Amino acid sequence: MNIKQVDEIKITRYILKATFEDWMDFSVNDVVIVGAGPSGLAAAYYSAKAGLKTTVFERRLSFGGGIGGGAMLFHKIVIESPADEILREIGVKLQKFEEGVYVVDSSEFMAKLAAATIDAGAKIIHGVTVDDVIFRENPLRVTGVAVEWTATQMASLHVDPLFISAKAVVDATGHDAEVISVASRKIPELGIVIPGEKSAYSEIAEQLTVEQSGEVAPGLYAAGMAVTEIKAIPRMGPIFGAMLLSGKKVAEDIIKNLQANSATLKSVQKE
């Protein structure tokens, strides 16, 4: 077997060329999702599947969010109906424990969800932190995000970010609702109040989280555990049905809103 020889400078140039082509492309998006956990990946999967240009920024060098930790590091988590339909769609094996309740392998879950998201057309970028948003007035709207290398922030270096535009920004950062928290603090006219999440009550938390997922302010959406933080909903522990269904609902809301905005714009242009 003869292995193709590639020198170091070619390696560098090929990587830089492909990388900058990507960054030039996804500097403008339909949807930017912050956080590659279960809700973020689900939102990205369904957004990309619908043909929306979708980019996911994940501050870590991995994806899956809380999936990988399983339940207190045990490698299994619970999924309930109807979220099992999403896992069947992407080929995750389900172990049935009772009607509508299943246990899945955490590694398989996050690997297949990420692969399905990429195959649907979404771009996932690791090692990038979103630390602010872009906004516009008249009408007031969130129109993108400010991004920085996670390593730069960890090193406490004073470096300005770059900016990425999006018609919809999704906060899927988990319990801290980091993007919405920044927007709430720095753009008070958005009128966002963050009461904080409540202690565990899984029987009601799953339903409430899905129902309350969606647009928080024009152009800004909440998915997954970020919803519990901004809506004072209880936490639910290692049951992940709501995370998937929340991401799917947010994607559906974005698709509907962007279609409505597009129709309005076309109507105005005709007039």
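Glycine is no exception: its Cβ is also placed from the backbone N, Cα and C atoms.
Lifted from Swiss-Prot, the feature list:
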type	residues	note
BINDING	Ser39, Glu58, Arg59, Gly66, Val130, His158, Val159, Asp160, Met225	NAD(+) binding site
BINDING	Asp160, His175	Fe cation binding site
BINDING	Arg235	glycine binding site
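Counting other Cβ atoms within 10 Å of each Cβ, the binding-site residues Val130, Val159, Met225 show the lowest value at Val159. Here the CA atom of Val159 (NAD(+) binding site) lies 27 Å from the CA atom of His175 (Fe cation binding site).
Summarising the NAD(+) site geometry, the residues cited as binding it (Ser39, Glu58, Arg59, Gly66, Val130, His158, Val159, Asp160, Met225) extend over a maximum Cα to Cα distance of 31 Å. Its Cβ taken as reference, His175 (Fe cation binding site) is surrounded by 14 other Cβ atoms within 10 Å in the chains shown.
Residue environment of Asp160 (Fe cation binding site) contains 7 other Cβ atoms, counted within 10 Å of its Cβ in all protein chains. Cβ neighbour count for Ser39 (NAD(+) binding site) (all protein chains, 10 Å cutoff from its Cβ): 36. Within 10 Å of the residue listed as 'glycine binding site', counting C-alpha to C-alpha distances, fall the following of the binding-site residues Ser39, Val130, Asp160, Met225: Met225. Ser39 (NAD(+) binding site) sits 29 Å from Asp160 (Fe cation binding site), taking the Cα positions as reference.
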